[in-house]
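K.L.:
Relevant sequence annotations retrieved from TrEMBL are reproduced here:
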type	residues	note
DOMAIN	13-122	domain 'Cadherin'
DOMAIN	127-225	domain 'Cadherin'
DOMAIN	226-332	domain 'Cadherin'
DOMAIN	333-449	domain 'Cadherin'
DOMAIN	450-558	domain 'Cadherin'
DOMAIN	555-681	domain 'Cadherin'
TRANSMEM	696-721	transmembrane segment
REGION	798-844	region 'Disordered'
COMPBIAS	811-838	compositional bias 'Basic and acidic residues'
Amino acid sequence: HSHPTGRRIQLLLGLPATSTVEENAPAGVSVYTFNVTVFPLSSEGIAIHPTVINSNPLTKAFDIIPIGGLAYRVVTTGNPILDYETMPKSFDLQIFMEDTSGRADLNTLTVQVQDKNEPPVFQGNMAIQTVVIYILEGSRTPPGFIYQVEASDPEDAQLQYSLAPASVPFSVFESGAIFSERIFDYEKDPHSYFLNITVTDPEGLRSTKTVNINIINTNDERPYFITKQRIYKIPEEQSPGTVVANITAKDPDDEDFPSRLFYSIQSSEEYFSINPSSGVMQVARRINREALPLHPNISVVVRVEDSPSGGQGSEMEITIIIEDINDNLPECKPSAFREEINENTTAGTLLLDLRNFCKDTDVDPPNNLINFTGLSGLGSNKFTLDSMSGRLVMTESVDLENPTNLRTEVFSLTVRVQDVAWPNYSSKYPLYTFDIFLIKPVNEYFPVFGSLLYEFNVSEITKAGSSIGKVNARDKDWPPSVITYSIVAGGGTRDYTNIFWINPTEGDVKILARLDYETTQRFLLTVQASDQEKTATVSVTVNVLEVNDEEPVCSPHFYSFQIPVSLAVGTNINGFRIVCQDRDSDPRSFRYFINEGNVNNHFTFSPSAGSNTSRLILASRFDYDSGFDTNWIYRLRVYITDDNLLSARDKTTDLIKTGTVTLSIRVIPNPTTVITTTPGFTLVTRRENLYSESAWYVPFIITLGSLLLLGLLGYVVLLLARTLRACRRQHFQVTAPSCLTNSQNSFPYCLSSQQMTKLNTVFDGEARDPVTGKMYEFNTRSGARRWKETKESLQLAPVVQVTPRAAENGGEGKDKAESTGKKETTEKRKEPTAERKTAAKPTK
């Protein structure tokens, strides 16, 4: 039903109106308060509460909240924050409401944004951090400009700069430039200054930031030695690293803290080293007084500098005296002396002078003096030995038939050969042996190995012919029997009957071919020892130790393809990837890099490490037009190493293997590219848009887009069905909204959420309404619209009902229309409207 007078009822009291709000207002700030009038006078009589249905310009910065009874308040939302300098200065809010009797009202609230003075803002580095400036001391930095402070005022007002504290030797100009006022001396002046720079606008708002200025010390003094001692003594044979002297120096430039000086040895001798930082001199290698032509007094020139690359320096010479120590054993050659004598040799006969066979190589006495003591052994009572001269003399004759000789056919004598000086080193063979009248040996015992089981660990990269271990067997026969060794079982592989060999006399086990851990990890050998009459066996286990000896093998090993010159950076070239495997390395151990042919570094692999697969990526675009690129064919040599999981230290010691892949890439120029080959000929290349099988993403994108489009269409159909059903139900249950009667015909038209108060707006677009077929004009910026005035007779639309869902859909349509209009202002489009349902024809 329509209102009897056909006029709109004023439900919004206090509107239209104009209000103000300050910029930067947070959410919830009150902008304007108004009341509504309904019947009955309670909120239960309101069907649609006052709502901002549109604004000019469009914004979400305002909202309406109830404050009790029939009073409402327009407040800020804080999204977005109002800014006087960057946003519109005024907003026209269209407020709509409807009561339960179907009466509706639409009015405008104009909100004006007021400017608020804001403090100045620093620009550049000072806006985000404390600026640190370094100034060299001395004449290298004369007084003058050192830094420019940048600041701006949101209101574009003239700013003033000031500096604190006033006592510092710096000043700031009106332009914000900081100047130093004198030359600085690091040894006398403070080493650091903190300047508080304040910028102030005309109304007194200010901002302050700190500038830190550091004075840098310069090197202008020579360091000098503090150590006064010049002669040092050390014994020979000191282990490397033994401290000889602690050389210290001082730099006058560093009086307030420890000097950072650098020490070095200038002389050519190689027995000593010096720590470049601490000045501690140490033994660098073995010092042996007995080695010629070593002089006992060694001169060393030490230099100290205040810079590792030269600069100020001083030198000092010191002398190191090497003292001899008793560090050599007496040595006798031969170590076991054998002498045969007749049994009727008379007493007093000189048998042997040991000084002819024993020496001590120490340089100075008493370190090189020897004495001979401890003559012992069966029959030693028949001999005498002078401890100083080493002369061995018979004291009585030997008669084998004499029963007192216990029928002994051999006399075995021992002598201790020893240093006179402390620590009284004995000879390497302290008991010097003399065998007299050897007897014929008898083989009575089986050979016995030194161990019940031998186990050798061998790296798989051990070279053929290398020794991997040694077995040893002895028997108790005297003199010792000659033992021979042989391998009697085990050690065979698929390619070799036996890849091990043993030295028959020494027992040294060697390999005849390279071992392979991936094929066989362990061998069990049976080794036999024989003294020509009796034999014994022992088990020998050879464990093969794994070593990184396998090269990465990658597929494909060689590949050739073509790519367009316009290929985008980051593209996986032709979908190419390499797959690598290594029999003795983890898949994460691979590292990929292009060693040859990557001119201008256009290509790279991703990932570059940590995977057994990697893709070829275009890293940078081609540039043939400027001449930067000239090659059209790239032959890449790709190296694949298995050292990715190794630390930097292990990479210098561990074995690293490298595989290779060769790629041939031809760059296809654009259709407009002309490549000159021989004089007089021009090659024109035409490019066709062909689908590549490697572009897997094309069908994926098409499929995904189709699914999204189908989902969108389904959602639109669902909304349309719901709207039509709601309109049909409301048509039979409630009265029609407030309608107005056209004076030219009897058909009424109704107020809907699409209708808005006419504003002074430029309508720069037009479209046809899909329901009425009439043309309407719209503003591409605000979304406002009106019917286009034509010479055709006015055809009013049938009565429609407006539902809340229809109003919402209408709002969404306006947003879409605005968005589209900004992009294509010359293109006709349909007006997004609320869902409508034609009412029954009214009765006359």
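Including glycine, each Cβ sits where the backbone N, Cα and C put it.
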K.L.:
In the domain 'Cadherin' (450-558), how many residues does DSSP put in helix, strand and coil?
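P.N.:
Once the DSSP states are binned, the domain 'Cadherin' (450-558) shows 0 helix, 50 strand, 59 coil.
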K.L.:
How do the residues of the domain 'Cadherin' (127-225) split into helix, strand and coil according to DSSP?
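P.N.:
Within the domain 'Cadherin' (127-225) the tally stands at 4 helix, 47 strand, 48 coil.
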K.L.:
Please list, for the domain 'Cadherin' (13-122), how many residues fall into helix, strand and coil according to DSSP.
P.N.:
3 helix, 61 strand, 46 coil
K.L.:
Which residue counts does DSSP yield for the domain 'Cadherin' (226-332) in the helix, strand and coil classes, in that order?
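P.N.:
Looking at the domain 'Cadherin' (226-332) with DSSP, the answer is 3 helix, 44 strand, 60 coil.
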